[in-house]
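Sequence annotations record features per position, and here TrEMBL assigns region 'Disordered' to 1-36. Summarising the annotation, TrEMBL assigns domain 'Spo11/DNA topoisomerase VI subunit A N-terminal' to 150-211. The active site, nucleophile annotation in TrEMBL covers 179. Residues or ranges marked as active site, O-(5'-phospho-DNA)-tyrosine intermediate in TrEMBL: 179. Here TrEMBL flags 215-251 as domain 'Type II DNA topoisomerase VI subunit A all-beta'. The domain 'Topoisomerase 6 subunit A/Spo11 TOPRIM' annotation in TrEMBL covers 260-430. Among the features that TrEMBL reports, Mg(2+) binding site is placed at 265, 317.
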């Protein structure tokens, strides 16, 4: 074979080889071409102002309580509703419980606590309220029973500790509570579970007990508030943001000129948005719980939504767990269904990253991950949830995910450039009002 033919053959082979793997390069070219579709920021801001105005109008008429629910539409006609209470009210309720127990002991009957059952079968989703609530069913927790003696002892101990904390007018963490009697509690999950039982028994929110979780969530952006009297400007909090106070009841004087709230699943995406000062280009408040939402972040988000009447847009991973996290913010968790009225923020719009975005934005194959058997199982379980069935858009996206058996993290967009999320993806989403 002549040298000329050999070169021609090598050239053809090279062309064939490159034609087999244009995915990354062609995807990058397409991703960059989307930048040209962006209209001026003033146009996108006009869209956001319309969204904020519509959200404010809707918020005035959207507030719903269990009083609005028609019990005849559901076999359970009574649900547990807890509310914020001051220290005096909670202390009085504890005193009444203890006096009732003392009278029972003196009469020779021993003592027993009537504890609302938080079993899965008692947690139901109410479509007209769009949240999970707890059916009112109680079970006895007697001390004079081998099966429940330890749990009754832990309950009495937690009531005693909460009474002491309220008397001092201080707040403690759940970890502090656990370490007051490690041998009795055995594991923090034991004291945490009983703490929730005590909230149900007393009819108050967990924050009313003055027992809080450690700081986890952070916030940054166009928000000013007072934290126990100290003025906090969240535009001056750097890349790390301001830690969301664990005792949200001490937050006051909330002010903002934001047009929306951006709820982010992960810390990495939060840091990119904060470093790029995304909130200055598109006035917003950005917050994250760094994964699974904690109580303080859920309370803080609801507080912002109620007081500022702003729309909430969510940015989560394109996997079943991202959607589960979003559903906890919107409908509540089964573990704390008794306090869903205070912890849920309805009408959060799913901005991204959605399963349909993977093809729409041509995310390269090497940046997508195959779903595991467990992922698929969780996805199928989500499809059976009532709150998912209520939203046709969610159902379609989940079906797409399960059909392709692919998932992706928010960071997959970094394959087009580290700032692609803030410079192209999110602006284009906002421009096209591409949310569910």
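Note: Cβ is positioned from N, Cα and C throughout, glycine not excepted.
Nobody curates TrEMBL annotations by hand; they come from automatic prediction.
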- Item | binding-site residues compared (265, 317) - highest count of Cβ atoms within 10 Å | 265
- Pairwise CA distance, residue 317 (Mg(2+) binding site) versus residue 179 (active site, nucleophile), rounded so that it is a whole Å: 36
- Query: Hey, what's the Cβ neighbour count for residue 179 (active site, nucleophile) at 10 Å?
  - Reply: 12
- Over the domain 'Topoisomerase 6 subunit A/Spo11 TOPRIM' (260-430) the mean pLDDT stands at 94
- Message: DSSP-wise, what's the residue breakdown of the domain 'Type II DNA topoisomerase VI subunit A all-beta' (215-251) into helix, strand and coil?
- Response: 6 helix, 15 strand, 16 coil
